[in-house]
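Chemist: One structure coming up, written as structure tokens, with questions to follow.
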Amino acid sequence: MAEKSSFFVHFSCLLLLLTIIITCGEGVRNPVRPRSSERRALMDGQDLSRPLKLTFGGPSRNWTDAIPIGNGRLGATIWGGVSSEILNINEDTIWTGVPADYTNQKAPEALAEVRRLVDERNYAEATSEAVKLSGQPSDVYQIVGDLNLEFDSSHRKYTQASYRRELDLETAVAKVSYSVGAVDFSREFFASNPDQVIIAKIYASKPGSLSFKVSFDSELHHHSETNPKANQILMRGSCRPKRLPVNLKKSINATNIPYDDHKGLQFASILEVRVSNGGSVSSLGGKKLSVEKADWAVLLLAASSNFDGPFTMPVDSKIDPAKECVNRISSVQKYSYSDLYARHLGDYQKLFNRVSLHLSGSSTNETVQQATSTAERVRSFKTDQDPSLVELLFQYGRYLLISSSRPGTQVANLQGIWNRDIQPPWDGAPHLNINLQMNYWHSLPGNIRECQEPLFDYMSALAINGRKTAQVNYGASGWVAHQVSDIWAKTSPDRGEAVWALWPMGGAWLCTHAWEHYTYTMDKEFLKKKGYPLLEGCTSFLLDWLIKGKDGFLQTNPSTSPEHMFTAPIGKPASVSYSSTMDIAIIKEVFADIVSASEILGKTNDTLIGKVIAAQAKLPPTRISKDGSIREWAEDFEDPEVHHRHVSHLFGLFPGHTITVEKSPELAKAVEATLKKRGEEGPGWSTTWKAALWARLHNSEHAYRMVTHIFDLVDPLNERNYEGGLYSNMFTAHPPFQIDANFGFAAAVAEMLVQSTTKDLYLLPALPADKWPNGIVNGLRARGGVTVSIKWMEGNLVEFGLWSEQIVSTRIVYRGISAAAELLPGKVFTFDKDLRCIRTDKL
């Protein structure tokens, strides 16, 4: 990008009205959402205080209509029925299986044969032989069960026009309301992170009008009983110690297949009911509680398992899940409902309020927005292209990660934490060839870095099992992880065909997140204690995995491009060859990351770093096919599926950094050709990945086109595989539901507005000025530990603000104009459209 002007800035400024500073518990200052009055002032009188709410005009008919809530560990989906209400309850450690050794003692022999066949360019036979490297399937994410509420028959006569159901993203509270005659009934639900319980309040406008029954149920082995003295129901249950068969026919009722109750994970859930004075609670048949003639009732739900880490057999666990639940319920006895709500709100908003986004460009009336269900708004997006719906989906991604991944929890899996099946699609397992990584793409730019902590805990567990897999399967040092994992930190290849199972780059891709975490936070202690050890072990494996090829370059052999076949020279389908473009791109990224990390930590003289630097010079370049696109494989094979959903060979552009518009324009041009060749259709996660790729190319038109593709309302009873879209609760569709695209969408929108390296900051690099002509984004994070706020009008930058927790030297770039700036801690900078500092103040 041409440099038209440059100047050095060494003072700090206050970003007036865009940035408010709060102090978090750890002492870090963070910008929060501006008050609505300030938002109005910033947009010259335009009211930007649109509610961030998902709204529904009736009860759920399908699970993908239900409202998700969560506190990172506990989750629920709320159906919002009138005469009966269902909450599907999830707890993030409810899984099948036990710790197991899935290493393959016969793998080294098979590996040698596969490599021989690849060397002979017999790729079809190598693909067949590579099945011998496959292993056992992962275990399966389960559901605790359902909480059922049955209201008296009068509720069936509710006034349909009075019904409203909503999820407020600013408070993380779900609400259901309706009227029966002259009585208004309301329910509120939230999942408290500070108190580790799910809380509901149900109330009626007329005293004594609230009566209902409540009970537990589960498809897993379970037993429930009431404790009338404490107004409680306790459910105990157990998970299967071994997953159901992979190919179990759908016609078979899985709940009837017996299993050993004692070997798998044990779980418990407790519900306690509080009622107003004058109301009563009694036991029905020892299984249900009955509430009669109350003004209001508060439900407190706790759930837990005896999971004690991925290396402890459930039978050896010292954790009593029922006792855990009792303790959690007991710990909140001192709090009123208002207290519980305030504690929840303070915890949640500390994270959520760090970023706000306001886009204008639509004539959609505010009143119409509030009266129209979210599903109808999605349906009409193709015609009105309402930017407030983009705001909503962006913030929904942040809401969902805050709700499904918190310090100390498990990672957000393929469905976050929300699941209603004992056989969920793709086992609900973490998939490491795009899906798990995409879950966390927006955690750093979206300014919720704490939510990424479970990923590094998980990687530490993978590193332990991965050392066994690397040593036994491949005779290599370090650690490795493949395509699919589970709560037991499985690292060996999955079952089945090599096209998906044989992919030893899952751990390496995850390791790039460790370096990214450092670049966004500049947390040297994290890098030293957690990030670098993970990179070190991964790098050791990669160095051993690389072998010298006939062309003199180091190569990976065998190698696949995730889930994609090619046509071998003999005309047969194959997936196994050598040095797929993604393999090499990930290795280049990891090697660059560990070299950079070694410089920060003073480890440049380590033997490992010397080996890495020597290997870097021997890695093959990214190659361009004869049609001008990026090659997916080392050879220019015929691609039988040019519109394949994966775009793995473009990793080097995004989320990687080895291809850039500025430094490698020829490769960037080839990436553009590749994206056009691949096409725009695909599942949700593919769509959002392509949006981020186009944004990295600074192509606002195509980035926005991919954004619009996500707004396609999906009928869960008539799904079309691989076509993406949104369900009515704004869960993203593969179909079926996968949560990755919810997170990928937030990352892609952030990428359209701000891009960065540790030395460069690009403002509005892919802004669709004709679609979002006016806007404010507040609180996005950039590499270098910089927080960014931007205001633009009529498609042009007006002003922006920067602040950092440490000294940062950066180059600010906007439309070819660049300026050098040095940010000082405790200061905030405000710049105008010409990148000149216009105001200054201390924090």
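Backbone N, Cα and C atoms are what each Cβ position is placed from, and that goes for glycine too.
Swiss-Prot lists these features:
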type: CARBOHYD; residues: N62; note: N-linked glycosylation site
type: CARBOHYD; residues: N253; note: N-linked glycosylation site
type: CARBOHYD; residues: N365; note: N-linked glycosylation site
type: CARBOHYD; residues: N605; note: N-linked glycosylation site
type: SIGNAL; residues: 1-27; note: signal peptide
Chemist: Round to a whole number and give the Cα-to-Cα distance in Å for the pair N62 (N-linked glycosylation site) and N253 (N-linked glycosylation site).
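Modeler: Here the two Cα atoms are 20 Å apart.
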Chemist: State the count of C-beta atoms found within 10 angstroms of the C-beta of N253 (N-linked glycosylation site), not counting that atom itself.
Modeler: 8
Chemist: Most Cβ neighbours within 10 Å: which of the glycosylation sites N62, N605 is it?
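Modeler: Ranked by Cβ atoms within 10 Å, first place goes to N62.
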Chemist: Measuring Cα to Cα, how many Å separate N253 (N-linked glycosylation site) from N605 (N-linked glycosylation site)?
Modeler: 61
Chemist: So, in DSSP terms, is N605 (N-linked glycosylation site) helix, strand, or coil?
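Modeler: It is coil.
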